[in-house]
Amino acid sequence: MLDKVESTLMLIAAGEFAMGILGNAFIGLVNCMNWIKNRKIASIDLILTSLAISRICLLCIILLDYFILGLYPDVYTTGKKMRIIDFFWTLTNHLNVWFATCLSIFYFLKIANFFHPLFLWMKWKIDSAIPRILLGCLAFSVFISLVVSENLNDDFRSCVKVKKKTNITVKCRVNKAQYASVKICLNLLTLFPFSVSVISFLLLLLSLWRHTRQMKVSATGCRDPSIEAHVGAMKAVISFLLLFIAYYLAFLVATSSYFMPETELAVMIGELIALIYPSHSLILILGNNKLRQASLRVLWKVKCILKRRNH
């Protein structure tokens with residue numbers, strides 16, 4: 001029965017992985033083609049491309065760890081090999097969260113309407129600062145990943161195969177004191193960019209409320225592009241926040257499951273939920289006019305090809 005459950009979970013994970021790769025690869029490909037064509041790239045396109053690449057890498061790491069646990073559990077008996085996977089998971093996880101936070105801040109600065117001098121200065125400087133901010137996120141993520149991997153001994157997590165009748169399960173033992181401190185550190189570090197995104201969302205909501213109130217006073221009755229921009233940005237930020245919460249809870253399940261009796265199944269379920277977060281790219285595509293138009297052209301071409309084959 002357990003083998004059937006694991007097989008079903010692997011099929012679902014492969015489906016989530018395929019959807020995530022297609023969506024994020026589409027974002028990266030469209031922006032890179034425009035970059036080559038125009039010999040320059042807009043700040044929003046640079047953030048989206050960086051976010052797409054980090055999500056592709058995170059998807060690959062999660063799926064690799066997922067199938068290693070399900071198909072080659074012997075790898076879990078070697079701490080050195082798992083340190084490599086843990087390093088890249090920590091790296092891509094932090095890159096993904098920080099790049100998504102940069103996107104939330106960029107939406108806030110570009111769309112919100114405030115007249116505070118600090119806000120106006122940040123709004124003016126954000127385009128030129130984006131490349132340096134993204135490089136800073138990369139350097140910080142590499143530093144954190146190196147610190148985490150160096151603080152974990154080779155035997156911090158050791159797993160053994162246990163045979164029960166016809167099933168073989170993997171049970172893991174961790175150095176609880178060391179593992180708990182590392183997990184708390186990682187969770188606290190990811191809470192900071194999440195909090196920044198929440199603040200950006202609340203300020204966007206405040207800006208939308210003030211702008212809507214002004215529109216009611218003026219009573220123009222015309223379609224306001226500012227409100228549409230606010231709503232589009234808020235959809236992207238809300239989707240990030242909701243999926244990040246789901247990913248964060250799944251991360252807790254996956255990391256805490258080494259204290260549970262049935263380790264393998266708990267980790268696989270946690271990682272299956274975690275795959276949803278980097279797989280999410282549809283709202284980013286629909287919320288960006290250039291990506292939306294490119295996706296419509298692709299769908300139209302696919303539709304034409306299918307019609308030709310049917311005839």
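Glycine is no exception: its Cβ is also placed from the backbone N, Cα and C atoms.
Here TrEMBL flags 12-34, 46-68, 88-109, 129-148, 188-209, 236-259, 265-287 as transmembrane segment. What TrEMBL records for 23-285 is domain 'G-protein coupled receptors family 1 profile'.
Touching of the transmembrane segment (188-209) and the transmembrane segment (88-109) is concluded from the presence of at least three CB pairs under 8 A, sequence neighbours closer than 6 excluded.
Here the domain 'G-protein coupled receptors family 1 profile' (23-285) has a mean pLDDT of 75 out of 100. Away from its own ends, the transmembrane segment (129-148) comes close to residues 43, 46-47, 50, 86-88, 90-91, 94-95, 98-99, 102, 106, 182, 185-186, 189 of its chain (Cβ-Cβ under 8 Å, at least six residues beyond either end).
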